[in-house]
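Following: one structure in structure tokens, then a few remarks.
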Amino acid sequence: SLVSPEESAVAIASHTAASEVNIYAEEQSQEASPEPAARAGWNSKMEYFLAQVGFSVGLGNVWRFPYLCHQNGGGAFLLLYVLLMLIVGIPLFFLELAAGQAIRQGSIGVWKYISPKLAGIGYSSCVVCFFVALYYNVILAWSIFYLGNSFQFPLPWQDCPEQGNVTVQECKKSSATSYFWYRKALDITDSIDEMGSFNIYIVCCLLVAWTVVCLGMFKGIKTSVKVMYFSSIFPYVVLFCFLIRGLLLDGASEGITFMFYPRLEIWGDIQVWRQAATQVFFALGLGFGSIIAYSSYNPKNNNCHRDAFTVSFINFLTSVLATLVVFAVLGFRAKKNVTDCIESNLKLLLEQFYSGNVDENLMPNFNHSNPSSMSVKDYRAWFQLHGNSTPAYLTDCDLEKEMQKGVEGTGLAFIAFTEAMTHLPGSPFWSALFFLMLLNLGLSTMFGTMEGILAPLTDRFKTLANNKTKFTIMSVVTTLCIVGFVIGLLFTQRCGNYFVSMFDDYSATLPLIIVVVFETFSVSWLYGADRFLDDIEGMLGWRPSVVYKYLWKYICLLAMLGLLGATTIRMFIKRPTYMAWNQERASEETLDYPGWALAVLALLIIFAMLPVPLALIHAVLQGRTTQTSRELETVHYSVVNTDDKCETPMSDMSDLNHGNGSPAPLL
């Protein structure tokens with residue numbers, strides 16, 4: 001033999017070690033593979049498009065955006081919103097679309113693929129999605145309750161009930177719609193400290209809502225997208241019907257004028273910027289993981305850049321359309337209430353005039369036989385001059401103040417809008433149409449939220465991915481939906497509305513902003529914005545503008561950090577509050593959250609963000625354990641190696657995929 005025994009032993013040891021290196025590298029490559037063996041896909045681009053639009057367009061477009069627009073400068077707020085959408089919203093939306101499409105994983109898999117230390121970002125997204133699903137389905141339950149009550153004439157919230165031929169005082173002091181909402185639908189307590197019993201009607205409606213969500217998600221996107229053909233398109237049909245009907249109503253032009261009247265001075269208010277940025281952030285659904293999940297089912301060559309602009313602008317135009325509808329109808333409601341106010345005041349004034357208590361020179365010019373003929377403008381001009389000089393107790397019938405009543409959140413949908421519909425001919429039809437629209441908007445968002453939980457878990461755990469249909473049925477029906485329903489019973493108590501406000505205002509806001517900060521920092525700084533653009537170029541066949549590099553690295557990141565800082569500082573400077581209903585005074589009042597409620601708020605935020613540091617610690621400890629085991633293997637082979645000049649074949653395997661410690665490429 002030409003080879004000595006010692007040389008033969010060294011060669012065998014080297015070959016054995018090299019074989020193990022190749023096996024390890026092969027295993028690592030398989031674990032990080034961006035192309036799962038059996039990845040589902042959309043049947044058509046239309047299905048994907050409807051899913052993304054359905055998720056991003058939700059209840060906030062109908063009842064949050066119009067309120068913010070009116071309260072923060074009208075047309076000036078629209079310009080500010082578009083500006084922030086272009087420089088922050090669309091770039092971040094594009095980032096999530098590209099990451100999901102390139103890696104073809106859910107939120108957990110995407111960030112773990114870039115770096116195992118970042119897996120907690122995906123888990124936090126899942127936790128926040130679950131929090132949102134808990135209270136969002138309660139809003140669907142309220143919509144179902146109102147939908148069921150819409151099929152009667154007259155509508156049950158049209159007139160105040162009577163007890164012994166006497167109108168209920170709580171209703172008389174407020175309004176029929178407010179009374180039905182707070183007393184009949186919610187049977188609400190005076191504060192969050194008073195728990196109260198369960199509302200059996202809302203419990204049943206919540207069960208129906210979760211059942212519908214389960215059936216819609218029964219077999220994943222293959223089933224939910226069929227429902228989305230209806231749930232995503234139907235709201236637009238309803239909005240256009242309401243727009244046409246609303247523009248024909250008396251007072252619609254006044255309502256739209258109030259909405260679009262620009263007040264540019266609001267640009268100097270930092271809180272307006274914060275509210276606009278928050279609305280952009282939540283309108284597009286950033287940080288939930290649902291955008292990543294939906295885009296992960298796309299083919300690699302899908303033009304996600306065009307999708308980012310298309311979905312974002314459809315979302316914005318939907319908000320504008322909904323705002324036109326809302327303020328056309330609210331303008332009609334306000335004009336009707338103000339006209340009734342003027343008529344009532346003039347009748348009272350006439351009584352005082354005929355009694356000789358009012359001087360003729362103080363009387364306004366109007367047809368005494370028809371007090372409703374006096375215009376709002378003429379009445380207000382007279383009232384400012386002589387209103388306080390008359391002995392009669394008259395009120396200033398202000399159209400703008402009337403429009404500001406109950407135009408935010410649930411107050412818009414279940415009080416202001418319902419009141420306006422009672423004045424429309426065929427009110428049950430319009431009421432049923434409106435709440436069916438709310439139900440569909442909520443369902444399409446719920447499907448996206450649930451997919452933001454299911455897709456990451458399915459991709460993360462291979463035993464679940466091997467039988468996705470079984471997993472979907474078991475997880476949605478027996479786990480997520482049942483657990484969600486049981487926990488959701490918290491919101492069906494008499495104080496449940498206060499917990500909905502708590503979850504809506506705080507359980508998702510800070511965690512989602514933090515999630516997006518981590519996402520942006522991970523892609524633009526840890527992975528590298530240039531490398532990410534390289535990967536997108538390889539995926540799409542063309543390179544996006546270098547502007548995205550600077551937007552991701554500086555503008556978006558600083559904007560998110562500023563939004564996070566402003567939100568946090570606001571929470572510490574101003575004690576968190578909520579709107580409570582005082583039964584005795586029959587009006588809303590602002591109350592501070594008690595200490596135990598603040599503790600719950602803190603726990604919700606901490607629990608949502610806990611996966612991020614836990615995943616980081618786990619990855620670090622796992623890396624040290626792996627490194628120690630490699631060192632032991634190296635020592636084992638070095639006993640055989642007698643040649644000092646021969647380099648050990650064992651090395652840091654993280655370099656095999658990461659290249660000098662950098663994350664693996666997306667493609």
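Glycine too: its Cβ is placed from the backbone N, Cα and C atoms.
The annotation Na(+) binding site is assigned in TrEMBL to Gly54, Val57, Asn61, Asn315, Leu441. Here TrEMBL flags 48-66, 78-99, 120-147, 198-218, 227-248, 276-297, 309-330, 429-450, 471-491, 511-529, 550-573, 593-621 as transmembrane segment.
Feature map: annotations from TrEMBL on the structure.
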| residue | record | contacts (Cβ under 8 Å, 6+ apart) |
| --- | --- | --- |
| Gly54 | Na(+) binding site | Met228, Ser231, Ser232, Ser444, Thr445, Phe447, Gly448 |
| Val57 | Na(+) binding site | Ser232, Pro235, Ile314, Asn315, Thr318, Leu441, Ser444, Thr445 |
| Asn61 | Na(+) binding site | Ala283, Asn315, Thr318, Ser319, Ala322, Leu441 |
Exercise for the section: Report, as numbers and ranges, every residue of the chain located at least six residues beyond the transmembrane segment (276-297) whose Cβ falls under 8 Å of a Cβ in that stretch; write 'none' if there are none. Expected result: 39-42, 48, 51-52, 55-56, 60-61, 64-65, 68, 72, 77, 80-81, 84-85, 88-89, 92-93, 96-101, 103-107, 110, 122, 125-126, 128-129, 132, 221, 304, 307, 311-312, 315-316, 319, 448-449, 451-456, 459, 509, 512-513, 515-516, 519, 559, 562-563, 567
Handout entry: Cβ-Cβ under 8 Å with the transmembrane segment (309-330): same-chain residues at least 6 beyond its ends
Key = 49, 52-53, 56-57, 61-63, 65-66, 69-70, 78, 81-82, 85, 89-90, 93, 236, 239-240, 242-243, 246-247, 249, 252, 255-256, 258-259, 283-284, 403, 407, 412, 416-417, 420-421
Exercise for the section: Please indicate, using numbers and ranges, the residues of the same chain that are 6 or more beyond the transmembrane segment (120-147) and have a C-beta under 8 Å from a C-beta there. Expected result: 59, 106-112, 185, 201-202, 205-206, 208-210, 212-213, 287-290, 410, 413-414, 418, 431-432, 435-436, 438-439, 442-443, 445-446, 449-450, 452-453, 456-457, 460, 480, 484, 487-488, 491-492, 496, 499-500, 503-504, 507-508, 511-512, 514-515, 518-519, 522, 604, 607-616
Fill in the blank from the handout: Listed stretches 48-66, 78-99, 429-450, 511-529 vs the transmembrane segment (593-621), most Cβ pairs under 8 Å: range 511-529
Fill in the blank from the handout: Near the transmembrane segment (198-218) in space but 6 or more residues beyond its ends, with Cβ under 8 Å, are 137-138, 140-142, 144-145, 148, 185-187, 224, 227, 443, 446-447, 450-451, 454, 472-473, 476-477, 481, 484-485, 488-489, 491-494, 496
Problem - Environment of Gly54, Val57, Asn61, Asn315, Leu441, the listed Na(+) site - residues of the same chain whose CB lies within 8 A of the CB centroid - result: Val53, Phe55, Ser56, Gly58, Ser232, Pro235, Thr318, Ser444, Thr445
Completion exercise
Asn315 (Na(+) binding site) has its Cβ surrounded, within 10 angstroms, by a count of other Cβ atoms equal to 25
Handout entry: Outside the transmembrane segment (429-450), six or more residues from its ends: residues with CB under 8 Å to it
Key = 51, 54-59, 61-62, 129, 132-133, 136-137, 139-140, 143-144, 146-147, 150-151, 155, 212-213, 216-217, 224, 227-228, 230-232, 234-235, 238-239, 241-242, 245, 285, 288, 290, 293-294, 413, 417-418, 421, 476, 480
